[in-house]
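Participant: Below is the structure I would like to discuss, written out as structure tokens.
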């Protein structure tokens, strides 16, 4: 008995030492990766609790205070929302604390990059505390999350546009024949992929013999957008390029596919799922993994952008696609300036917390309908479609805005 107690104590001490070693090893360069890992952990916890927490939550009187106990899907959605709220508050508090950090002499710079043991403990306590909140607060957060998710998707679109314009400007800036040929080849490949992909969408989501007018409308609208992009970009009065037009066309086609792939399994026009009724663990795991990777990548890329979101004092800051608040460029700090906005970095993770909660709950409306699938249901369909249309509108605006407002810098 004494030996077993000593062995347990040694194992616990070794585990604590290992945690402290890992946490202390997070350097300035790897801090963003650590935030990425913490965010991914929150998504995994959400999914696990969605699967196992319902029986326990049914026994909590401040949660299950209804005359008639709700179905299991309600508790699954509630568990995901509570973890998401804890994650949202964690990153929002950090964002508020990081407002105004301009150089590395600021003590808050050390807080952003260090103190990981304290931050992990705080995150854990926040998530636990969320399960003691009344249902009204969770319901309010559920409604707010739908708007926050829309903002997260809008940031994704703006960053994509900024990326493709920067990509085009970089290759054109070389002013060599090789790079012009590369631009043409990549553009042609993207357009060929767009039209081939669209043909596949007609085959999968608008089969003959079925009334699939809605899906046909989605695909045709995407093809119209692709054509308009090329016409506007190549117009003599617009200083555009075919590369951004082709990349945005392919991305809009992908969003169209993603939207129709999110249609319910029993929808006769969904060629991906209509022959499959069983939901395997492997399918759920793959869906979760895809969701985690896509949301984490988007959040890190958005929060770490060194062009659109960098502080004006940053030496790596470039010209943003949309105008942000301007500061005095002549003001120079003796300390080394930060390379990106810490506050905005955490805000992006806050919005991503809302977005991931909506994905895991089918936008809080279709968990039961979708058979516990990730990101399936009509709300997911329309969110993807509207995101594609917003992408098209913002891209066209980025082309025509300099003509409509020649005195402003875009």
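Glycine is treated like the rest: Cβ placed from N, Cα and C.
No curator has checked TrEMBL annotations; they are predicted automatically.
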Participant: In TrEMBL, which of 305-332, 333-360, 361-388 is tagged region 'Disordered'?
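Facilitator: It is 305-332 that TrEMBL describes as region 'Disordered'.
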Participant: Hey, which of 147-167, 240-257, 340-360 has the most Cβ-Cβ pairs under 8 Å against the transmembrane segment (31-49)?
Facilitator: 340-360
Participant: With CB pairs under 8 Å as the measure, which of the listed stretches 116-135, 147-167, 179-202, 214-234, 381-405 comes out on top against the transmembrane segment (340-360)?
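Facilitator: Ranking 116-135, 147-167, 179-202, 214-234, 381-405 by Cβ pairs under 8 Å to the transmembrane segment (340-360) puts 147-167 first.
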Participant: Same chain only, please: residues at least 6 beyond the ends of the transmembrane segment (79-101) with a C-beta under 8 Å from a C-beta of the stretch. Say none if there are none.
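Facilitator: Distant contacts of the transmembrane segment (79-101): 39, 42, 45-47, 49-50, 53-54, 57, 108-109, 111-112, 119, 122-123, 126-131, 133, 137-138, 141-142, 145, 148, 338, 342-347, 349-350, 353-354, 356-357, 360-361, 364.
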Participant: Could you pull out which residues elsewhere in the chain have a CB under 8 Å from any CB of the transmembrane segment (381-405), counting only those six or more residues past its ends?
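Facilitator: That would be 149-150, 153-154, 156-158, 160-161, 165, 218, 221-222, 225, 228-229, 232-233, 237-240, 244-245, 248, 251-252, 255-256, 258-260, 262-263, 321, 358, 363.
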Participant: Which one of these stretches, 147-167, 214-234, 240-257, has the most C-beta pairs shorter than 8 Å to the transmembrane segment (179-202)?
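Facilitator: Answer, by Cβ pair count: 240-257.
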